[in-house]
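**Q** Pasting the relevant annotations from Swiss-Prot:
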- Asp165: serotonin binding site (BINDING)
- Cys158-Cys234: disulfide bond (DISULFID)
- Asn5: N-linked glycosylation site (CARBOHYD)
- Asn69: N-linked glycosylation site (CARBOHYD)
- Cys404: S-palmitoyl cysteine (LIPID)
- 1-86: topological domain 'Extracellular' (TOPO_DOM)
- 112-121: topological domain 'Cytoplasmic' (TOPO_DOM)
- 144-155: topological domain 'Extracellular' (TOPO_DOM)
- 182-201: topological domain 'Cytoplasmic' (TOPO_DOM)
- 223-240: topological domain 'Extracellular' (TOPO_DOM)
- 264-329: topological domain 'Cytoplasmic' (TOPO_DOM)
- 356-366: topological domain 'Extracellular' (TOPO_DOM)
- 391-448: topological domain 'Cytoplasmic' (TOPO_DOM)
- 87-111: transmembrane segment (TRANSMEM)
- 122-143: transmembrane segment (TRANSMEM)
- 156-181: transmembrane segment (TRANSMEM)
- 202-222: transmembrane segment (TRANSMEM)
- 241-263: transmembrane segment (TRANSMEM)
- 330-355: transmembrane segment (TRANSMEM)
- 367-390: transmembrane segment (TRANSMEM)
Amino acid sequence: MMDVNSSGRPDLYGHLRSLILPEVGRGLQDLSPDGGAHPVVSSWMPHLLSGFLEVTASPAPTWDAPPDNVSGCGEQINYGRVEKVVIGSILTLITLLTIAGNCLVVISVCFVKKLRQPSNYLIVSLALADLSVAVAVMPFVSVTDLIGGKWIFGHFFCNVFIAMDVMCCTASIMTLCVISIDRYLGITRPLTYPVRQNGKCMAKMILSVWLLSASITLPPLFGWAQNVNDDKVCLISQDFGYTIYSTAVAFYIPMSVMLFMYYQIYKAARKSAAKHKFPGFPRVQPESVISLNGVVKLQKEVEECANLSRLLKHERKNISIFKREQKAATTLGIIVGAFTVCWLPFFLLSTARPFICGTSCSCIPLWVERTCLWLGYANSLINPFIYAFFNRDLRTTYRSLLQCQYRNINRKLSAAGMHEALKLAERPERSEFVLQNSDHCGKKGHDT
């Protein structure tokens, strides 16, 4: 029967030694001519075999189950001084730019009258969520990363930090999802959707986004799935059920909705492009009506001039709709693309981690986790600049605020809007046609 050591585990080394040493001794006696072992061999052979068995039996601790805090839990990286300066500068720059960009959005919409419309309330909600990430989350992650990954802010604040991180990031993602739905309805239902697009409706949508984001935050605080938190680690709960629920609600469902909305807008833009080819209008020819009665001829030409005016208005409307659809498709495509590139690696890692490492800790290399996390945070940085790039009013307001030109911002926006409307009203290739036919109609009207 195998011996058991003081820890209650089988004494593998002692068992092997008791079996092998007597057999080796008898073998040596058989090899000796006089039936006895050589004195030198008898003296060193047991020690040699003992050393061999100690080496070969040294993996015996594999009988022990690995502790819960091994395989990456509490992993730390010791950065040099230069590395700390470089990493700290990059993380600080990301944080400050995120704060500045989202503050510009909030100030622009709240203080510029033309921008205070219900459709922009969603952009303000997005900016507030991204601003919360920059103020309440990024600084603590930056400090933790600079000291090598060790959590130093205590057990209580770990739960508060995770709650803020999850809620703000989820609110940002879900607001992007609602914005995509808003853009889709604005394009596909231009006549009916603006009626429902009022302040109360937008307020309810924004409130729903934040409540749903909070629903992901609350379970670990009320005992469903405890966060991983000790002296070194502050990690969101790795419970299988909670991981699937939180990642699905916070990312996979919103991403699916955004992709579907983008596809629908893209399809509408292509359909509009095929429909509105604008082949041109027939010219008004004085000789087109031949009649012996001059009154009938004049009446026909007046009707053609009236038809020309209606056709011009219809073409301008079609051009406006077409350009709006194309702009919405381009904007939403860039938003969805940036969102996917920033957040997809992090959520794939978060979903797979419990199944790879178990529920007690993380075995993923720290640098991989932090890279994916900061890539997701970068989405909060680029959102304000994406909207400013495609929104002329926001772009003009940004420029005025950065140049400290606070007066007459609304007047500048109105003038820029009128200039853009006049610019898009008539395409250059139709200007000659419009002038020729307008002169002809004006001449006929003067002759009457």
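Every residue gets a Cβ built from N, Cα and C, even glycine.
Quick one: how deep are these features, and who are their neighbours?
**A** Here the Cβ of Asp165 (serotonin binding site) has 22 other Cβ atoms within 10 Å, regardless of which shown protein chain they belong to. Asp165 (serotonin binding site) falls within a helix when secondary structure is assigned with DSSP.
Note: Cys234 (disulfide bond) has non-local neighbours Thr144, Trp151, Phe153, Cys158, Phe161, Ile162, Asn227, Val228, i.e. same-chain residues 6+ apart with C-beta under 8 A of its own C-beta.
Counting only same-chain residues at least 6 apart in sequence, none has a Cβ under 8 Å from the Cβ of Cys404 (S-palmitoyl cysteine).
Away from its own ends, the topological domain 'Cytoplasmic' (112-121) comes close to residues 182, 186, 197-199, 201-203, 206, 393-394, 397, 409-410, 413-414 of its chain (Cβ-Cβ under 8 Å, at least six residues beyond either end).
Using DSSP to sort the residues of the topological domain 'Extracellular' (144-155) gives these counts of helix, strand and coil: 4 helix, 0 strand, 8 coil.
Per-residue confidence over the topological domain 'Cytoplasmic' (182-201) averages out at a pLDDT of 79.
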**Q** As a test: from 87-111, 156-181, 202-222, 241-263, 330-355, pick the stretch that has the greatest number of Cβ pairs under 8 Å with the transmembrane segment (122-143).
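**A** Looking at each of 87-111, 156-181, 202-222, 241-263, 330-355 in turn, the most contacts to the transmembrane segment (122-143) are made by 87-111.
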**Q** Give residue numbers and ranges for long-range contacts of the transmembrane segment (330-355): same chain, 6 or more residues beyond its ends, CB-CB under 8 A.
**A** 173, 176, 179-180, 183, 236, 238-240, 243-244, 247, 250-252, 255, 258-259, 261-262, 265-266, 362-364, 368-369, 372-373, 375-376, 378-379, 382-383, 386-387, 390
**Q** Run through the topological domain 'Cytoplasmic' (182-201) and tell me, per DSSP, how many residues are helix, strand and coil.
**A** 14 helix, 0 strand, 6 coil
**Q** I'd like the number of other C-beta atoms within 10 A of the C-beta of Cys158 (disulfide bond), please.
**A** 20
